[in-house]
Amino acid sequence: MHNNSVKAYKSIFLIGMMGAGKSSFGKYCSKELGYQFVDLDEELENRTGVKIPEIFAKEGEEGFRRRETDLLREFIEKEGFIVATGGGVVMRDENRQILKNGNACVVHLTVSPRICFFRTRNSSRPLLQTENPMQTIENLMRDRDPLYTEVRDFSLDTDKLSFNQMCKELLKELGKEK
């Protein structure tokens, strides 16, 4: 499934809610396209030797987001990567500017609140450690969806499409002018 039109962009950045499938789809698609895959959260954990919940506990969300911005700035310059970002990457204006101005294709993976809840229900994600995780997901989506729309080049619906179908859609979209 290799396609030369993919080379129009240095890399592909996947944005969207936790549970949208950014990491799973990114790994799958990177194999199909011959790109390297990186999950920014995993990369941060590998570099710091600390899990994300511990970073949140010690530095707060702001400290975590600063570290995330540094990684985003680094990987936006790299070529041949599929990068899975954290769900809240769009919350910082600086990150949105990096995504909009970089030579990367930004793909918003969409997911319904119900499917998002189902996929994340057993997770230890800091933002879901609440009495009502479903309400938290709905609130996060309400706040983040306009920001995802602001920076995305296009969207893929992870509720309805298989990874193979999503990869084909991605290739079709990448064949278009930015």
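Backbone N, Cα and C define each Cβ position, glycine as well.
What TrEMBL says about this one:
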BINDING   Gly19, Ala20, Gly21, Lys22, Ser23, Ser24, Arg125  ATP binding site
BINDING   Ser23  Mg(2+) binding site
BINDING   Asp41, Arg65, Gly87, Arg144  substrate binding site
10 Å Cα neighbourhood of Lys22 (ATP binding site): matching binding-site residues from Asp41, Arg65, Gly87, Arg144: Gly87
Chain-internal residues near Ala20 (ATP binding site), provided their CB is under 8 angstroms and they sit 6+ positions away: Gly87, Leu109, Thr110, Val111, Cys116, Thr158
Spatially closest candidate among Gly19, Gly21, Ser23, Ser24, the listed binding-site residues, to Arg144 (substrate binding site) (Cα to Cα): Gly19
Listed binding-site residues (Ser23, Ser24), ranked by Cβ neighbours within 10 Å, top entry: Ser23
Packing count at Asp41 (substrate binding site) (other Cβ atoms within 10 Å of its Cβ): 23
Arg144 (substrate binding site) - helix vs strand vs coil (DSSP): helix
Distance, Asp41 (substrate binding site) to Ser24 (ATP binding site) (CA atoms, angstrom): 13
Fewest other Cβ within 10 angstroms of its own Cβ, chosen from the binding-site residues Gly19, Gly21: Gly19
